[in-house]
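Annotated features, as they stand in TrEMBL:
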- 10-15, LYS60, 78-79, 153-156, LYS177, 182-183: ITP binding site (BINDING)
- GLU47, ASP78: Mg(2+) binding site (BINDING)
Amino acid sequence: MPPKRITFITGNENKLKEVKMILSTGPSTEKDETPFELVNLPLDLDEIQEIDLEAIAIHKCKQAAQKVDKGNAVFVEDTALRFDAFNGLPGAYIKWFLKSLGLEKIVKMLEPYENKGAQAVTTIAYADENGEFHTFQGITEGIIVDSRGPTDFGWDSIFQPLESGGKTYAEMNKTNKNLISHRGRAFEKFKSHLYNN
Ligand SMILES: O=P(O)(O)OP(=O)(O)OP(=O)(O)OC[C@H]1O[C@@H](n2cnc3c(O)ncnc32)[C@H](O)[C@@H]1O
Ligand SMILES: [Mg+2]
């Protein structure tokens, strides 16, 4: 049987690179060949105004399902950065904060607060070949720090995970980032689902 085709809709090349790398191997418990072929459609889908990250991802995935032929599996992911001091904001709005303010001002926003805690969250929404929706989420706890390391991917250089031995995401190599990242964790769950269904 030919491998199942799964379409990932994202307009973000850095994200795509990480996802390809993560999905190129089986879940940690298995060593099989990947039983699916990953296809990318680089579209920018609408993201609704919501605090509920699953609702945003599902809404995105419903549009995604309309971009592929019926009977084809498709998924999207949405990544949020939640500040403890702001009760979870910017959350899914981090993209617009980044665009308008840039890294330095985002770090400055937290200056008055002692609590620099933040959560990176990836929420995957998957529409399977029967049109059923599934969600998978991965969370990594960390702190917001002054920018260190390359600044080519989003807020990687200002997020220091608690488990990285003091490195920001940007200072880690991709293999190590994926092992503990919000995205790595979400896709580990997604992979288990794909391998078991
Ligand atoms: O087409 P989509 O997949 O939506 O791609 P996007 O770039 O719009 O991505 P999001 O809507 O998920 O917005 C997340 C924002 O956070 C950034 N981002 C996502 N994952 C990241 C990661 O692992 N490290 C640093 N920044 C990240 C990304 O560049 C965006 O500015
Ligand atoms: Mg987006």
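Keep in mind that glycine also has a Cβ here, set from the backbone N, Cα and C atoms.
Locations of recorded TrEMBL features on the structure.
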{"residue": "THR10", "record": "ITP binding site", "contacts (Cβ under 8 Å, 6+ apart)": "LEU16, VAL19, ASN40, PRO42, VAL76, GLU77"}
{"residue": "ASN12", "record": "ITP binding site", "contacts (Cβ under 8 Å, 6+ apart)": "none"}
{"residue": "ASN14", "record": "ITP binding site", "contacts (Cβ under 8 Å, 6+ apart)": "ASP152, PHE153, GLY154"}
{"residue": "GLU47", "record": "Mg(2+) binding site", "contacts (Cβ under 8 Å, 6+ apart)": "ILE56, HIS59, LYS60, ASP78, ALA92"}
{"residue": "THR79", "record": "ITP binding site", "contacts (Cβ under 8 Å, 6+ apart)": "LYS15, ILE94, ALA120, VAL121, THR122, THR123, GLY154, HIS182, ARG183"}
{"residue": "ASP156", "record": "ITP binding site", "contacts (Cβ under 8 Å, 6+ apart)": "GLY149, PRO150, THR168, TYR169, ALA170, LYS177"}
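A Cβ distance below 6 Å to any atom of ligand 1 is met, among the binding-site residues ASN12, LYS60, GLY154, by ASN12, GLY154. GLY154 (ITP binding site) has a Cβ environment of 20 other Cβ atoms inside 10 Å. The binding-site residues considered are LYS60, HIS182; of these, LYS60 has the fewest other C-beta atoms within 10 angstroms of its C-beta. Using a 10 Å Cβ-Cβ cutoff, ASP78 (Mg(2+) binding site) registers 25 neighbours.
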